[in-house]
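For reference, TrEMBL has these:
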type: DOMAIN; residues: 152-266; note: domain 'Phosphatidic acid phosphatase type 2/haloperoxidase'
type: TRANSMEM; residues: 118-143; note: transmembrane segment
type: TRANSMEM; residues: 155-172; note: transmembrane segment
type: TRANSMEM; residues: 193-214; note: transmembrane segment
type: TRANSMEM; residues: 220-241; note: transmembrane segment
type: TRANSMEM; residues: 248-269; note: transmembrane segment
type: TRANSMEM; residues: 281-299; note: transmembrane segment
type: TRANSMEM; residues: 311-328; note: transmembrane segment
type: TRANSMEM; residues: 348-368; note: transmembrane segment
type: TRANSMEM; residues: 409-431; note: transmembrane segment
Amino acid sequence: MFEIINYLKDPHLVARIQRYYGVEVVSPLNSSPVLTSSNGNISRSPHSGDDEAFAFKRRLEKEEAIGTSVHNTTSESKECIDNGIKSNGCVSCEPEGDETFSSESEPESKGYIITNWVWYYLFVLGTALGDEIFYASFIPFWFWNIDGAVGRRVVLVWTVIMYIGQGIKDVVRWPRPSCPPVVRLQKKWALEYGMPSTHAMVGVSIPLSVILYTMNRYQYSVSLGVLFAIGWCSVICLSRLYLGMHSVLDIVVGIVLAFGLMVPVVPLVDALDHYLLTSHWSPAILLITAICLVVFYPSSDRWTPTRGDTTMVLSVCVGVHVGAWTNYQLGVLSESPDSPPYAIIWPSYEMLGLSALRTVIGFCCIVATRALCKSASYATVCTLLRLNSRELQQSQNSIKNRQKITVELSYTFITYALLGFNTVYLLPSVFRLMSIERPTFYTEI
C-alpha cells in the first residue's frame with residue numbers, strides 16, 4: 001500500500017505526464033532540451049553542443065554554497081533551486097513564509113517549451129472550470145436560463161465539498177509536486193497546499209449533483225449526462241497534472257473523497273434546501289453558520305489563499321439562499337402547476353435572444369456590483385474597526401497583518417454575499433420589469 005502511495009505521490013510521474021502531453025524541459029541558457037535524472041544531476045541531451053548546462057549547474061552550486069540566490073532578470077517569478085539546478089518553469093518547490101511565488105511567463109524564458117498547443121489550450125480551459133471565473137459565470141447563467149431549484153441545491157453541494165476540501169488542505173499541509181522535475185505552467189494556487197485537489201472534487205461534485213437533481217425532474221438521457229460528466233471531470237483532473245499543480249495522489253484522493261461525500265450530502269442538501277427556503281429563521285441560520293465556519297476555519301502554519309477562497313464560496317451560498325428565501329417570503333415564488341418530469345423544450349430563436357439579453361445585462365450588473373461593493377465594503381469595514389486603509393495596506397507589522405486579513409475576509413464575505421443575493425433576487429426582478437424574465441423562474445421550488 002505504501003509503495004502505491006509513494007508511486008502516486010512521485011513528482012516524476014507528473015513530469016512524465018507533462019512530457020506525454022507536450023511540455024518539454026529546456027536548458028535555462030538555450031532552447032535545447034536537457035535531461036534531468038532522479039538524483040537531480042543534469043545530463044546533456046543529444047541536441048546540446050556545449051557544456052553550458054554543466055557550467056550553469058556548477059555556478060549555481062557555488063552561489064548556493066555562499067548563500068547567494070539566482071534571479072531571472074527577464075521574469076518576475078521566483079525560481080527554484082533544487083540540488084543545484086535552476087528550474088525556470090516552477091514556483092517554489094516547498095513555499096515557506098510570506099514569500100510570493102510565481103510561475104507564469106513565456107515558455108522558453110521559463111525553461112520549457114510547449115510542443116502541442118492543442119493540449120495546452122484544452123487543459124488551460126479545463127483548469128478554468130474549477131476557478132472563480134467559472135463559478136461567477138456558471139452560477140448566474142444557471143439561475144437566469146436553466147433551473148433555480150437545481151441551482152440552489154448545486155450551490156449548497158459545491159459549498160460543502162469546497163469547504164471540506166479546502167479545510168483538509170490546511171490540516172494535512174502536503175506540498176505541491178516539487179520542481180524539478182515538475183514544471184509549473186501557472187503561478188495561481190502556488191501558495192496553497194496540494195492534498196486533496198479541490199479542482200478534482202468540484203469536477204466530480206458539480207456535474208454529478210446536476211445529474212442527480214435533474215434525472216427525475218427532466219426527461220433526458222441520463223447515460224449521455226454521465227458520459228458528459230466523466231469527460232468534464234477527466235479534463236479538469238488531467239489539467240491539474242498537466243499544469244504541474246498536483247500529484248496523481250492529490251487527484252485520486254480528491255475524486256474518492258468527493259464520491260464519498262456525495263453519498264450523505266446529496267440527500268441532506270435536498271431536504272435542507274426546502275427548510276432554508278421556507279423557514280423564517282433561514283437568513284439568521286445561514287449568516288451565523290457561515291460566519292462561524294469562516295472564523296473557525298482550520299488554521300495553517302502560514303498564510304494561504306484557501307481561507308479567502310472558502311469565504312467567497314460560503315458568502316455566495318448565503319447570498320443565493322437568502323435571495324431565494326426573499327422571493328418565497330414575498331410570495332413571488334410558488335409551486336409549479338405541473339408535475340415533474342418535465343420535457344426539455346429546445347429553445348427558439350426568440351428564447352435564445354432573451355437568454356443572451358439576460359446574460360449580458362446580468363453580467364454587466366454583476367461586474368459593476370462587485371467593483372462598487374468591494375471598495376465600499378472595504379472602506380466600511382476599515383471605518384467600523386477604526387483602521388486607516390492606506391496604512392493597513394502598506395504596513396508589514398504582524399498585528400496589522402492580522403487586521404488586514406480580518407478586513408479582507410469581511411469585505412470578501414459582504415461583496416460575494418451581495419452578488420449571490422442579486423443573482424437570485426434583484427436581477428430576476430429587473431428582468432421581470434423588462435419583460436425578459438424566464439417564464440418558469442418563479443415556479444422552481
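Keep in mind that glycine also has a Cβ here, set from the backbone N, Cα and C atoms.
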Selected stretch (most C-beta pairs under 8 A with the transmembrane segment (281-299)) from 118-143, 193-214, 220-241, 348-368, 409-431: 409-431
Helix, strand and coil totals (DSSP H, G, I; E, B; other) for the domain 'Phosphatidic acid phosphatase type 2/haloperoxidase' (152-266): 78 helix, 2 strand, 35 coil
Local confidence of the prediction over the domain 'Phosphatidic acid phosphatase type 2/haloperoxidase' (152-266), expressed as mean pLDDT: 90
Contact check, the transmembrane segment (193-214) vs the transmembrane segment (118-143), 3+ Cβ pairs under 8 Å, seq sep 6+: yes
Candidates 248-269, 311-328, 348-368, 409-431; stretch with most C-beta pairs under 8 Å toward the transmembrane segment (220-241): 248-269
Stretch of maximal Cβ-Cβ contact with the transmembrane segment (409-431) [cut-off: under 8 Å; candidates 155-172, 248-269, 311-328, 348-368]: 311-328
Stretch with greatest number of CB pairs under 8 Å, the transmembrane segment (311-328) reference, 155-172, 248-269, 348-368 candidates: 155-172
Within-chain partners of the transmembrane segment (248-269) [C-beta distance under 8 Å, separation at least 6 from its ends]: 5, 8-9, 13-14, 17, 153, 156-157, 160-161, 164-165, 168, 174, 176, 194-205, 208-209, 212-213, 233, 237, 240-241
Remote residues contacting the transmembrane segment (155-172) - C-beta distance under 8 A, at least 6 residues beyond either end: 135, 139, 192-198, 201-202, 205-206, 209, 254, 257-258, 261-262, 265-266, 269, 272-273, 293, 297-300, 304, 306-307, 309-310, 313-314, 316-317, 320-321
Long-range environment of the transmembrane segment (348-368) - Cβ separation under 8 angstroms, sequence gap at least 6: 136-137, 140-141, 144-145, 419, 422-423, 427, 430-431, 434, 436-438
